[in-house]
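Asker: Take this structure first; my questions come after.
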Amino acid sequence: MTWLYLALAAYLINAVAFIFDKYLLHAPIPRPFAYSFWVALLSITTVVLIPFGVGFPGWSFLAVAIASGAAFFLGLIFLYRAIRIGEITSASTKVGASTAVFTFVFSYLILDASVLNQAHIVALGLMVFGMLILSRMNWKMLGIAIIAGAFSGLSFTLLKWAFSHSDLINGIFWTRMGFVAAALLSLLFINARKEIFASFRQSSSSSKYLFLANKIIAAAGFIILYYAIYKGNAALINGLSGLQYFFVFMIAIAFRQIIPGIGENLDRKSMIIKIAGLIFILDGFLILFTKI
C-alpha cells in the first residue's frame, strides 16, 4: 500500500514540473529535442550513488538497464513535442494514456502474464478512458503521444525488470546512465548538435536557472516514482498517472493568467469534456484504492 501514496506524491510533484516544462517550451527553450538532451545530461548527477553500492550487474542486466534509459530519452523527446504543440492537459493526458496502455502490454509480454486482476484492468481502463476524453482529438498530437507512450511504457517495464533483478541503487544508476548515453550518442548527428548548441546560446540566464530548478523538482518526483515502481506494480502505477493529469489540469486552471503558455480552453463544451474525463479518472482510482 505504501507504493500507492508514494506514486501520488510523485505525480503531484511531476505535475508542477510539467507546468514549468510547458512554460519553458512555450518561449525561452523552444526546441523539444534540445530540451530533452539537457534533461538527460543532468542525470549524470546520479554518479553520487556510486559509493552506496553501485557495482557491475552483469551484461544482460546492463543491456536492459541501458535500453530502459534510451527508451526513456526517446519517449521524452516525443512528450515534449506533444506539449509544445498543444494544451498542457491535452498533450500530457494523451501521452499518459498511451504510456499506461503500453506499460500494461509490455508488462504482460516481459514481466508476468498475470500482472493484473479483473478489478485492476477495470480501474486502469477507466483512468485511460478518462485521460483520452479530457480534451478534443488532435490527430497529429495523438500520433506523437502514441509514440511517446510506446517508448515510455517500454522504459518503465524494463525499469521494473531491472529492479526485480537487482537492488534500487543499481536499477536507478544504470537506467540513468542509459538515459545519458542515449543523449550523448545524439551528438553524432550534425543537426542534433546544432540544435543543442543553439538552444544553449539563445536561452536567457533566467530561463536556464528556471530549467535547472525545475529539473531538480522533477528529479525528486522521479526518485519517489522509481521507488514506488520498485515496491509495486509498474502497470498500475502508470495507470495512476491519470491523477497526475488531474493535478496538471487544476494547476493550469489556477495559474493560467499568471504563467505564460499554459492557457486552457475553458468554453462550456471543453469544460464538460474535461470534467467528464476527470470523473472517469477518479472512479478508476477509487476502484483501484479499494481493491489493493
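The backbone N, Cα and C atoms fix where each Cβ goes, and this holds for glycine too.
Since we're looking at a predicted model, the values are computed, not measured.
Checked TrEMBL, it gives:
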TRANSMEM  6-25  transmembrane segment
TRANSMEM  32-53  transmembrane segment
TRANSMEM  59-83  transmembrane segment
TRANSMEM  95-111  transmembrane segment
TRANSMEM  117-134  transmembrane segment
TRANSMEM  141-162  transmembrane segment
TRANSMEM  168-189  transmembrane segment
TRANSMEM  209-229  transmembrane segment
TRANSMEM  235-259  transmembrane segment
TRANSMEM  271-289  transmembrane segment
Asker: Give me the stretch from 59-83, 168-189, 271-289 with the greatest number of Cβ pairs under 8 Å to the transmembrane segment (32-53).
Answerer: 168-189
Asker: Let me check one thing: do the transmembrane segment (209-229) and the transmembrane segment (271-289) come into contact, meaning three or more Cβ pairs under 8 Å with sequence separation of at least 6?
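Answerer: These two stretches do not touch.
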Asker: Which range out of 59-83, 117-134, 141-162, 168-189, 271-289 gives the transmembrane segment (95-111) the most CB pairs under 8 Å?
Answerer: 141-162
Asker: Rank 117-134, 141-162, 168-189, 271-289 by Cβ pairs under 8 Å to the transmembrane segment (59-83) and hand me the top one.
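Answerer: Out of the listed stretches, 141-162 contacts the transmembrane segment (59-83) most.
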